[in-house]
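**Q** Marked as NAD(+) binding site by Swiss-Prot on the basis of similarity to another entry: 12-20, 36-37, 63-65, N91, 151-155, 186-188. Per Swiss-Prot, substrate binding site is recorded for S138, Q148, and the stated evidence type is similarity to another entry. The annotation active site, proton acceptor is assigned in Swiss-Prot to Y151.
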Amino acid sequence: MHVNGKVALVTGAAQGIGRAFAEALLLKGAKVALVDWNLEAGVQCKAALDEKFEPQKTLFIQCDVADQQQLRDTFRKVVDHFGRLDILVNNAGVNNEKNWEKTLQINLVSVISGTYLGLDYMSKQNGGEGGIIINMSSLAGLMPVAQQPVYCASKHGIVGFTRSAALAANLMNSGVRLNAICPGFVNTAILESIEKEENMGQYIEYKDHIKDMIKYYGILDPPLIANGLITLIEDDALNGAIMKITTSKGIHFQDYDATPFQAKSQ
């Protein structure tokens, strides 16, 4: 897919990886809906982007992705404003083992809800023109982390859901591709608060283990993750792909054995 002229919706767009995604898409000529629960950060993000790009290229919408009605209204507002939707990036996420229900709701349930809403608007069988959905997972979605079992569960869920939904979208000839990104530790606000008691909960006594993991894996910068996003969007051959991004290998892909039964499109 050529990004120029397309309309993208990015959740968690006000800061960190989401903001890097938005800027990368704008640089490629897309129009971007900046979706975030943080009103102040969202307004500041749009103002900063307006200095680099034409103001009409972006739209900020405050939304709590865990609220299903707000999420539905957000998709409707984006399509009403820009007239279409071509690219969806389900990026919003938290890392909270103490309030683990919130972690599952934001990290996994909202990604599933967002994906289905995106398919409703983009699928060819619904009158759409096709498109692409990128779901943000993590290396924690491919490996266990003793101090973050619920976070791991949410990110593993994204990988399994994305791979399966990609097969389903192909089976239905929807014209929509789905891929996921699994980066290591990234220099964001989430990383800065990862070892706080309010996030680690019962695992707080093992915070030094997290620090050791960060030292071992290193820290990535958001623009590199944005490069991965653009690759997944522009390469039409990628569907159900799980992209890994690490300090040691950069951008690469998770290898999977072929499934014994592969559903075929009608």
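Note that Cβ sites are derived from N, Cα and C of the backbone, with glycine treated the same way.
Given the structure is predicted, the values throughout are model-derived calculations rather than measurements.
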**Q** DSSP on G12 (NAD(+) binding site), three-state: which is it?
**A** coil
**Q** State the count of C-beta atoms found within 10 angstroms of the C-beta of Q148 (substrate binding site), not counting that atom itself.
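**A** So the Cβ neighbour count for Q148 (substrate binding site) comes to 24.
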**Q** Return the residues near G12 (NAD(+) binding site), defined as same-chain residues 6+ apart in sequence whose C-beta is under 8 angstroms from its C-beta, sorted by sequence, else 'none'.
**A** G18, V35, D36, V65, N91, A92, G93, M136
**Q** Are there any residues at least 6 positions away along the chain from N187 (NAD(+) binding site) with a Cβ closer than 8 Å to its Cβ? List them or say none.
**A** G16, I219, L220, D221, P222
**Q** Whole-number Å distance between the CA of Q148 (substrate binding site) and the CA of D64 (NAD(+) binding site)?
**A** 23
**Q** Name, in the order they occur in the sequence, the residues of the same chain whose CB lies under 8 A from the CB of S138 (substrate binding site) and which sit 6 or more residues away.
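**A** Counting only residues 6 or more apart in sequence, the Cβ neighbours of S138 (substrate binding site) under 8 Å are Y151, K155, C182, P183, G184.
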**Q** Give the three-state DSSP assignment (helix, strand or coil) for G18 (NAD(+) binding site).
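**A** Going by the DSSP assignment, G18 (NAD(+) binding site) falls within a helical segment, counted as helix.
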**Q** What is the Cβ neighbour count of Y151 (NAD(+) binding site) at a 10 Å cut-off, with all protein chains included?
**A** 25
**Q** For G18 (NAD(+) binding site), just count the other CB atoms lying within 10 A of its CB, please.
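**A** The Cβ of G18 (NAD(+) binding site) has 26 Cβ neighbours within 10 Å.
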